[in-house]
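Have a look at the structure below before the remarks.
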Amino acid sequence: MGVGDPLPLPPEKNRREVNKPPDIASTSSSSASAVNNARLSDAPILLFVYFHKAFRAQLAELQFLAGDTVRSGSDLAVELRSKFEFLKLVYKYHSAAEDEVIFSALDTRVKNIVFNYSLEHDATDDLFTSVFHWLNVLEEEQGNRADVLREVVLCIGTIQSSICQHMLKEERQVFPLMIENFSFEEQASLVWQFICSVPVMVLEEIFPWMTSLLSPKEKSEVETCFKEVVPNELSLQLVINSWLIDDSQSSLTALTKIMKGVQSVEVSENMTNSQTNSSSSGVFQRFWQWSKKMSFSSPNTGHILVHGIHLWHNAIRKDLVDIQKGLCQLTFPSLSLDLNVLVVRLNFLADVLIFYSNAFKTFFYPVFEDMVDQQHSSSSKQFTIDGHVENFKKSLDLETRAGSDNFVITLQEKLESLILTVAKQFSIEETEVFPIISKNCNIEMQRQLLYRSIHFLPLGLLKCVIMWFSAQLPEDECQSIIHYLSSEDSFPNKPFAHLLLQWFRFGYSGKTPVESFWNELSFMFKPRCSFEEELTEEASGSFFQQSPQKLFKVSDPYSMDPPAGYMNETPYSSAMNQQILIPGKLRPLLHLPDLFGDKTIGEHLTMDLKPIDLIFYFHKAMKKDLDYLVRGSARLATDYSFLGEFQQRFHLIKFLYQIHSDAEDEIAFPALEAKGKLQNISQSYSIDHELEVEHLNKVSFLLNELAELNMLVLDHKNVKYEKLCMSLQDICKSIHKLLSEHLHREETELWCLFRDCFTIEEQEKIIACMLGRISGEILQDMIPWLMESLIPDEQHAVMSLWRQATRKTMFGEWLTEWYNSHAVEEETEEANKDPSENSDPLDVVWSYLFEGAADEYKGSICSKPLEETELKGIMNKPLGKAAPNNKVEFGNKEENHLEISGSKKVCTGADETKYKEQTDSNAQAFQMSHNTSQSGQDSRYECLLSMSQEDVEATIRRISRDSSLDPQKKSYIIQNLLMSRWIATQRIYNLEPSILSSNREAVPGQNPSYRDPHKLIFGCKHYKRSCKLLAPCCNKLYTCIRCHDEEVDHLLDRKQITKMMCMKCMIIQPVGASCSNISCSSSMGKYYCKICKLFDDDREIYHCPYCNLCRLGKGLSIDYFHCMKCNACMSRLIVEHVCREKCLEDNCPICHEYIFTSNSPVKALPCGHVMHSTCFQEYTCSHYTCPICSKSLGDMQVYFRMLDALLAEQKMPDEYLNQTQVILCNDCGRKGNAPYHWLYHKCSSCASYNTRLF
């Protein structure tokens, strides 16, 4: 199969189309439009968005290239790997710049935004790892080429979806905030800091790469932006412009291997005379060929490399020793400022050593290996300082942020170890490596090595190094270097050489004192603190007894006002390069507690269960279904018959995920952000939800396309089918990656916040609000789906949390009723299920015992046929509840209170006469049809039911001795034999309506009733329906339960109702959504509830699983929600209300009707009590206080002012004029004094007259 490109699909017409992110961009908020409408000339920070455009274009190009089926696998793999290595490197620097420069700055102005985006950056490495694996397989030509290419295309699609969605989110949230909160100058400063923090070698490649993928207009805008961003220094402007217009790829090979930590050359064994071997591919030969092309005119001054390296090593050693001495002199708290400077110097030298070590491994050491055999290079190869320096840098960072009481002592010990390590490494290099390189390389080649090494440093750090190094050198050495840099042929890039000369001269001039130099560098190398607030307590006690956190007077390292100085014209982010070069993160943007240690999430939750954990159990189930999507989409490529099952499962996943996302966006996240310090923390996740729904919609579209294709084309190998399957698998893998990472980030960032910031009661309220929006029909799908993904302990934990959150409702009752009926159905299905073949269990038993048995054995079993009266008695004796139909299709699922009142039957005598004949004929037809179809069955049922216990035992022994049966067949027949009598009884019991219907007078009320006799509409005044219910207490048919309750002196228990009568065919039958008479099959009503035994063909009704009643309305989450505390279904318009526990489970204070099951509208009072709306209207004609708690029913200020005016006109008798009375206010609950009055007493606290004498 040719791989090719996935089939185009809407709404995103082509995934490879340049600069077109998913269609979700059309739903961008006003913040996103701020980015789209802003110009780069007005907002320099948008340079990062132009990088986004380049990334999108490059990914589209790579996906197109991967679809090339003509080229050989190895050639294609090499080209793709080279481009992906470069893309990975550029994206790493882009992400590091956002983390350490953009995000850190934004976090000083807008809190709780950036951590989620940094987590997304961390997840990118896995994406590239996968594609590199398949490229290796493709290059080695292992396996089927088409299958490997398919995997490569799928990996690229996943990378494209993940990175493009991440960039789109940044454009919708991060960069609009940057434009809003930062001035033009501040944005330009951040962009320039990013440029100065990237190695020169990388900058030389990034800028041409980016501009080559932009349109001419965009390229011009970028060039104009750089003129504004780069400081107004001619040398810098010339250098940046030279990089922008340079489109050479000379250093691409070395560049892409900088970060890989591998040697970029192939070792050649015989390199003694390698200068003349132009066919060799070693680094030495490439540098040699390069040096021959150069025409350096400077004189050959000898071993320039060895001499320069000695100067470099001595400067580093000298500074390390000076710092060590400075640490030893710290004995008093007054010298704590000196400690700040020493830590900055250590950070600077650590960065210098890290870059130097990487440059040595990348350039110098491979050349050295090309010149000697492995035996001579073993000592230098086994010992390198990079690991020691990285560990020291990590330790320094951690100790500075957290530290211990012995911070300085610990630092001294680690520094001493570092000095010994560095000295040993430098000694090996000076005695083994550099002398050989200097001896075998001419001056031009040595300069090329130095040139490449200098380019390894970031621009900002390079300036710091030159300034620092020039201050360490004697005057004659400085003059020699100045002379070298001043020569015309010192470097290929003349502007860059001139810039280095300018920096060196400034450092050599001494215009910046050493103290000022380190103070200026403190802005770049100041250690980052993990705490947000500056500690202002004064140090007390001895120096070594202080907390290390109090030793550093740390200013904001991301202030937009860096200290003025020559050094800060080229700012440098040390943390940005640490993120690239040092494995592991040094900076936690947010400190998360170690919730689990080495335990899994499930193990932890069962130990420390909290209500909010219910959300994350849902996450676990969702993750398993994401795996199912990937497996299922792959299976569809070879099995189109699987489409129906996959489509059904996907729609369930999509539906449940949408419910979960909406609940988080509308309930959980707002509750979290309501905590003052957590504002904005969830906005990124809400954007994720919106974008992920778009991806799910694409899957729905593809599945519909596949379904239509299957109906028209039976050949599943059709090319269009293959392309659709390819597109489906591509999107499913992308969804798996996006949603898995999304759920992981929620658990990483938000879970501990929910658990720690909310009390148990608050968590229960959040969960209760989320559950109160889920209808019973959804719960019947959700609960089994959730349970099948969890282990037994987790299942128990989930149901425990669920029951706890709904303990004040009828949920337990609903769950029991639903689960019992569900279990009965499953048992019945299991009893009728043949594990080996699709045959009836009674047929299996019958064929073995009777058809294959001898005549005398048949007679022995069937010698006791049941008499008709005995059979009727058995059939009329229920052995258990008939299994309800659990797969009834519900109508509308949502509404408010309902248990509707009833009416008497409306049926004329003529109607009875007319329908008596119809009833008899229908009953006769029904009975005849059953007699015909069941005559053979009845004889079998009689024989099976006539078997005694002794007969059953004898039969079991006979089966066990039958040598013609295998053990599995024996077990199966014995099992069916033991169940046969129960199954036969159940089936006979379900035939009971035909017997009952044969004698119509035996059941009173077996005639139709009408809601509208003139239009012949079935029902009663309460309901429009096509059936009657058989009341077991009266053995009489009533149209509805309320009709029964109004006619007799007792109440009908709905749970006891098992039979109904169809008013069209007049057949009594088990309760169901439609008539079981095949000749009728009429619907009993648009809405049917098997729990309430409620039918209605007129209104929108839903069954609330928490009230366990049917209510009028469209349903939970549509126009109603269930408040778990009030235990009431309420309109979504009154989400904010006064909760009163089980407020509806009481009588109306006016008419004393039980409100919970009343069908009359209910009025909620401000105090939380309720009464009927009609009762409220009548009551408020003469009262203004609650009849239960006496609080005012509304705002009574107008009435109270009228009383003020009335009392002001009244004159009290003299004997009462100065008397007061003690009162208690019903509104505010306070006690106070009021002037004497026979009726009205005003509260002195709230000015209410709703008071009483105390």
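Heads up, the Cβ atoms here are built off N, Cα and C, so glycines get one too.
Database features, via Swiss-Prot:
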type: BINDING; residues: Cys1020, His1022, Cys1040, Cys1043; note: Zn(2+) 1 binding site
type: BINDING; residues: Cys1033, Cys1034, His1044, His1050; note: Zn(2+) 2 binding site
type: BINDING; residues: Cys1062, Cys1065, Cys1075, Cys1080; note: Zn(2+) 3 binding site
type: BINDING; residues: Cys1089, Cys1092, His1103, Cys1110; note: Zn(2+) 4 binding site
type: BINDING; residues: Cys1104, Cys1107, His1122, Cys1129; note: Zn(2+) 5 binding site
type: BINDING; residues: Cys1123, Cys1126, His1137, Cys1139; note: Zn(2+) 6 binding site
type: REGION; residues: 1-30; note: region 'Disordered'
type: SITE; residues: Glu98; note: site 'Required for iron-dependent instability'
type: ZN_FING; residues: 1013-1082; note: zinc finger
type: ZN_FING; residues: 1084-1147; note: zinc finger
type: ZN_FING; residues: 1148-1190; note: zinc finger
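Swiss-Prot feature annotations superimposed on the structure.
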residue : record                : Cβ within 10 Å
Cys1020 : Zn(2+) 1 binding site : 23
His1022 : Zn(2+) 1 binding site : 21
Cys1034 : Zn(2+) 2 binding site : 15
Cys1043 : Zn(2+) 1 binding site : 26
Cys1089 : Zn(2+) 4 binding site : 22
Cys1092 : Zn(2+) 4 binding site : 19
His1103 : Zn(2+) 4 binding site : 28
Cys1107 : Zn(2+) 5 binding site : 24
Cys1123 : Zn(2+) 6 binding site : 22
His1137 : Zn(2+) 6 binding site : 16
Within the zinc finger (1013-1082) only, compute the mean pLDDT.
90
Which number gives the other C-beta atoms within 10 angstroms of the C-beta of His1050 (Zn(2+) 2 binding site), all protein chains shown included?
10
Where does Glu98 (site 'Required for iron-dependent instability') sit in the DSSP three-state scheme?
helix
Would you count the other C-beta atoms found within 10 angstroms of the C-beta of Cys1129 (Zn(2+) 5 binding site) for me?
27
Which secondary structure state does DSSP assign to Cys1110 (Zn(2+) 4 binding site), in the simple three-class scheme?
strand
Distance between His1103 (Zn(2+) 4 binding site) and Cys1129 (Zn(2+) 5 binding site) at the Cα atoms, whole Å?
11
Residues near the Zn(2+) 5 site, Cys1104, Cys1107, His1122, Cys1129 excluded, by Cβ within 8 Å of the Cβ center?
Gly772, Thr809, Pro1105, Tyr1106, Leu1109, Arg1111, Leu1116, Tyr1120, Asn1127, Ala1128
Excluding Cys1033, Cys1034, His1044, His1050, please set out which residues of the same chain place their CB within 8 Å of the center of the CB atoms of the Zn(2+) 2 site, keeping sequence order.
Ala1031, Lys1036, Asp1045, Val1048, Leu1051, Leu1052
Cβ density check for Glu98 (site 'Required for iron-dependent instability'), other Cβ within 10 Å (all protein chains) comes to 22
I'd like the number of other C-beta atoms within 10 A of the C-beta of Cys1065 (Zn(2+) 3 binding site), please.
22
Considering Cα atoms only, can you say which of Cys1034, Cys1062, Cys1065, Cys1110 is the nearest neighbour of His1122 (Zn(2+) 5 binding site) among these binding-site residues?
Cys1110
Can you tell me how the residues of the zinc finger (1013-1082) break down into helix, strand and coil by DSSP?
10 helix, 18 strand, 42 coil
Looking at the binding-site residues Cys1033, Cys1040, Cys1062, which has the shortest Cα distance to His1137 (Zn(2+) 6 binding site)?
Cys1040
Nearest to Cys1080 (Zn(2+) 3 binding site) in three-dimensional space, by Cα, is which of the binding-site residues Cys1020, His1022, Cys1043, Cys1107, Cys1139?
Cys1020
Hey, of the binding-site residues listed (Cys1033, Cys1110), which one tops the CB count within 10 A?
Cys1110
What number of additional C-beta atoms lies within 10 angstroms of the C-beta atom of Cys1062 (Zn(2+) 3 binding site)?
26
